[in-house]
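Participant: OK, TrEMBL features for this one:
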type	residues	note
ACT_SITE	H48	active site, proton acceptor
ACT_SITE	E75	active site, proton acceptor
ACT_SITE	H199	active site, proton donor
BINDING	N12, R23, G200, G221, H222	3-amino-2-oxopropyl phosphate binding site
BINDING	D14, H15, R50, H55, T105	1-deoxy-D-xylulose 5-phosphate binding site
SITE	E156	site 'Transition state stabilizer'
Amino acid sequence: MSAAQALRLGVNIDHIATLRNARGSAYPDPVRGALLAQAAGADGITAHLREDRRHIIDSDIERLMAAISIPLNFEMAATDEMQAIALRHKPHAVCIVPEKREERTTEGGLDVLSDEARLTDFIAPLAAAGCRVSLFIGHDARQIEAAARAGAAVVELHTGHYCDLHAEGRMAERDNELRDLMGGAALAASLGLEVHMGHGLSFETVEPIAAIPEVVELNIGHFLISESVFMGLDPAIREMRRLMDLTRQAMA
Ligand SMILES: CC(=O)[C@@H](O)[C@H](O)COP(=O)(O)O
Ligand SMILES: NCC(=O)COP(=O)(O)O
């Protein structure tokens with residue numbers, strides 16, 4: 001398999017639902033967005049059912065499972081409620097993310113180290129049900145090692161700080177963060193974990209992340225949905241795919 005084919009794009013459709021929920025209408029429908037993303041070449045769909053249902057709601061997950069033919073990556077908090085929903089649907093993948101009701105977006109990674117025993121027990125039935133379990137964490141080596149011990153198959157490293165530093169023009173700090181993400185990816189792969197990355201990625205920031213050889217999946221949403229307002233969802237996804245493939249082809 002070529003390096004370009006090895007890097008999957010998961011399209012997060014949460015913020016189609018943000019726009020829908022702003023008016024309480026039935027449109028724009030996130031499931032229609034998922035089908036358009038699938039037709040545009042997305043390798044998977046990511047949807048985050050938050051405890052407060054601020055964007056994706058329970059029926060969206062139900063309809064996504066019935067509608068799409070590419071994998072669904074179900075993002076959720078490590079709660080009994082969400083575990084029951086995941087076990088009912090048995091999506092291709094479950095990504096466990098930290099949630100705080102007061103946060104505007106996912107601020108940090110999961111603190112696996114301080115919750116390792118509980119997360120180990122939480123992951124087991126999901127893995128037994130055939131879900132590929134991922135933990136959304138920072139690049140801290142101790143968190144990566146704890147994720148491997150807890151039985152996760154995948155870690156998704158949080159790229160939000162890298163993207164924020166880029167946006168603020170703090171390029172030396174951004175490059176340091178990129179180096180830390182590269183180190184985290186190498187450590188995770190050495191521990192047998194599949195390596196994903198996501199949060200805040202855009203056309204401007206994706207290529208250095210796509211160039212990290214251990215990364216096999218990028219989950220990107222907010223920027224793609226935002227860009228789709230101006231250029232359409234299909235062209236936005238195809239442009240992101242083009243940048244990712246160009247980067248990987250240059251590595252081959
Ligand atoms: C975990 C992650 O980085 C994204 O899925 C993010 O959670 C999108 O949803 P929010 O913007 O509601 O955080
Ligand atoms: N896990 C990251 C994700 O699904 C998309 O994050 P964002 O691109 O919406 O910030």
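Each residue, glycine too, has its Cβ placed from N, Cα and C.
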Participant: Ligand 1 is in the model; which of the recorded positions H15, R23, E156, G200 have a C-beta less than 6 angstroms from one of its atoms?
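Facilitator: Passing the 6 Å Cβ check against ligand 1: none.
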Participant: List those of the binding-site residues R23, R50, G200, H222 whose Cβ lies under 6 Å from any atom of ligand 2, in sequence order, or write none if there are none.
Facilitator: G200, H222
Participant: Long-range neighbours only, meaning 6 or more apart in sequence with Cβ under 8 Å: which ones does G200 (3-amino-2-oxopropyl phosphate binding site) have?
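Facilitator: Once residues fewer than 6 apart are set aside, G200 (3-amino-2-oxopropyl phosphate binding site) is near T159, G160, Y162, C163, D164, H222, F223.
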Participant: For the binding-site residues N12, T105, which one has the sparsest Cβ surroundings, going by other Cβ atoms within 10 Å?
Facilitator: T105
Participant: For the recorded positions H48, H222, which one has the sparsest Cβ surroundings, going by other Cβ atoms within 10 Å?
Facilitator: H222
Participant: Using all protein chains shown, find which of the binding-site residues R23, R50, H55 scores highest when you count other CB atoms within 10 A of its CB.
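Facilitator: Per the Cβ count within 10 Å, the most buried is H55.
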Participant: I need the most crowded of these recorded positions: D14, E75, E156. Count other C-beta atoms within 10 angstroms of each C-beta and give me the top one.
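Facilitator: Going through D14, E75, E156 one by one, the largest Cβ count within 10 Å is at E156.
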Participant: What's the CA to CA span in angstrom from D14 (1-deoxy-D-xylulose 5-phosphate binding site) over to H199 (active site, proton donor)?
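Facilitator: Distance (Cα to Cα, whole Å): 12 Å.
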Participant: Just to verify a number: CA distance, R50 (1-deoxy-D-xylulose 5-phosphate binding site) to E156 (site 'Transition state stabilizer'), in angstrom, no decimals.
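Facilitator: Here the two Cα atoms are 18 Å apart.
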Participant: Counting only residues 6+ away in sequence within the same chain, which have a CB under 8 Å from the CB of the residue listed as 'active site, proton donor'?
Facilitator: T105, T106, H158, T159, G160, C163, N219
Participant: Tally every other Cβ atom lying within 10 Å of the Cβ atom of H15 (1-deoxy-D-xylulose 5-phosphate binding site).
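Facilitator: By my count, 22.
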Participant: Sequence order is fine: just name those recorded positions in N12, R23, H48, E75, E156, G221 with a Cα within 10 angstroms of H55 (1-deoxy-D-xylulose 5-phosphate binding site).
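Facilitator: The recorded positions passing the 10 Å Cα test are H48.
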